[in-house]
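Enquirer: Pulled from Swiss-Prot, these are the listed features:
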- ARG284, ASP321, ASP325, ARG460: (2E)-geranyl diphosphate binding site (BINDING)
- ASP321, ASP325: Mg(2+) 1 binding site (BINDING)
- ASP321, ASP325: Mg(2+) 2 binding site (BINDING)
- ASN463, THR467, GLU471: Mg(2+) 3 binding site (BINDING)
- 321-325: motif 'DDXXD motif' (MOTIF)
Amino acid sequence: MDSSTATAMTAPFIDPTDHVNLKTDTDASENRRMGNYKPSIWNYDFLQSLATHHNIVEERHLKLAEKLKGQVKFMFGAPMEPLAKLELVDVVQRLGLNHRFETEIKEALFSIYKDESNGWWFGHLHATSLRFRLLRQCGLFIPQDVFKTFQNKTGEFDMKLCDNVKGLLSLYEASYLGWKGENILDEAKAFATKYLKSAWENISEKWLAKRVKHALALPLHWRVPRIEARWFIEAYEQEANMNPTLLKLAKLDFNMVQSIHQKEIGELARWWVTTGLDKLAFARNNLLQSYMWSCAIASDPKFKLARETIVEIGSVLTVVDDAYDVYGSMDELDLYTSSVERWSCVEIDKLPNTLKLIFMSMFNKTNEVGLRVQHERGYNSIPTFIKAWVQQCKSYQKEARWFHGGHTPPLEEYSLNGLVSIGFPLLLITGYVAIAENEAALDKVHPLPDLLHYSSLLSRLINDIGTSPDEMARGDNLKSIHCYMNGTGASEEVAREHIKGVIEENWKILNQCCFDQSQFQEPFITFNLNSVRGSHFFYEFGDGFGVTDSWTKVDMKSVLIDPIPLGEE
């Protein structure tokens, strides 16, 4: 055991609020930059109350859910055409019920994967596309060549397909599962996008028009499954071929899972207000946003440890990020970073009180999470956390040096550092620690494997697209857009389009990583995909994480706070 590990295992827990009085903090009156973040719109008294006053699921609803679950299992076991089975799987997944039917879904998809005897999907655009998407999502490889039958001799998609809106929509969604170099899928995406955009306002079926509009705003593969489930439950209710058993179970299940999440939110809110970090004026106070992100990554009730530790580490991480970005001087940040590298509180007395509070909160919470993992999972994760925190803070330190030195790095250098500074290697490692098979498996995340590299790079670039206007106004660190502008002389508009193109290309690489990263299994592969989907949710239209009163508020409220009305039973 090295010295840092020994320190972590034996260090006493320090209550930072006993040692730091923010009201009399001597560095509070100094001329320091501020994040200018607005106060949280979420009432912390209300959030804390959710620990005991969350939505209680009645016993009769629990019994009804079990009854309906049995009926759905019967559906999976009943004889049906392959396309009908695919559509059943698709609806179950989109309704958010896949965690209840993991075995049935895998068996259904694997049987369809093996059954190529008569090519039942051949020439059927919707069937071919749905089969392609669902099997690739499940980790079963289907070649892009299955779409050649819809192309002419010059490689263009047949114009007759333009009248098949349902098929075009399925083709559009399937195209986002493509890999780098799969030109047929690139053509499919361009073709389907073009003709869906021109057709959706004239679609007679309201449910189909709603689905098309929703997909064009953001493809299914890029959406957060839990948020999508809330939207799809309402959309599915309006469809002519809606299955009432599936709909009723989806509503019950959504509320049951939400009740579990609410209790966790309440307990986490109680912890957060004891840290003192919620009182720091320069930093973001975003506990509920952090929970929403953990829920995006791992909403299944069985991932409680992953969710809670991601929120705890993530909430502290956000404050550390803001300290490096806008608060600390370069000398202070160098001392902070060296203390993290030593994983020691010995030198932090030289820091101003606010940075002492932040360091001790980080130190305490990380050791506390490590002890919880030791208790619940049976292995020592603290060395893994220390490596991740050192990597994290050194990336922040480098960005601070660029800022204080007025240096604009090349885009490639910025991106390699930025994929760490975005925080997702640390957060995904936190999630991995909560589900790893054993202690030896923790070695897989250092050095950073491709799966984490590309998911984190995507989150960095998506974040940059959404936050650059606000952060430029605050005088924050550079973003990829500015690095590209500086290196090429391009306008901001051109730079934005370039970064959007890079995002699309890196999604293709990540899609392939999900097949190539054999050292990782589910659910960690999905954790990585979902982290990027969370980035799309928070940053697709601006800074929905830092600005709490934004478009994200409605979705967060519907997913975390408001249950679905059940109506008459």
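Each residue's number is its place along the chain shown, starting with 1.
Note: Cβ is positioned from N, Cα and C throughout, glycine not excepted.
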Enquirer: Looking only at residues six or more beyond either end of the motif 'DDXXD motif' (321-325), which have a C-beta under 8 A from one in the stretch?
Expert: 35, 280, 282-284, 333, 336, 354-355, 358, 393, 396-397, 399-400, 421, 423, 476-477
Enquirer: When you look at ARG284, ASP321, ASP325, ARG460, which the record names as binding (2E)-geranyl diphosphate, what is the longest CA to CA distance in angstrom?
Expert: 18
Enquirer: Summarise the model confidence on the motif 'DDXXD motif' (321-325) as a single mean pLDDT, whole number.
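Expert: It averages 95.
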Enquirer: Using C-alpha atoms only, work out the spacing between ARG284 ((2E)-geranyl diphosphate binding site) and THR467 (Mg(2+) 3 binding site) and round it to an integer in Å.
Expert: 14
Enquirer: Can you figure out which of ASP321, ASP325, ARG460 (the binding-site residues) comes closest in space to THR467 (Mg(2+) 3 binding site), comparing Cα atoms?
Expert: ARG460
Enquirer: Neighbour count, 10 Å Cβ-Cβ cut-off, for ASP325 ((2E)-geranyl diphosphate binding site): what number do you get?
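Expert: Its Cβ shell of radius 10 Å holds 22 other Cβ atoms.
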Enquirer: What does the DSSP secondary structure composition of the motif 'DDXXD motif' (321-325) look like, as residue counts for helix, strand and coil?
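Expert: Per-class counts: 5 helix, 0 strand, 0 coil.
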Enquirer: I'd like the Cβ neighbour count for THR467 (Mg(2+) 3 binding site), meaning other Cβ atoms within 10 Å of its Cβ, all protein chains included.
Expert: 21
Enquirer: For the C-alpha pair, I'd like the distance in angstrom between ASP325 ((2E)-geranyl diphosphate binding site) and ASN463 (Mg(2+) 3 binding site), rounded off.
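Expert: Counting only the Cα atoms, the answer is 15 Å.
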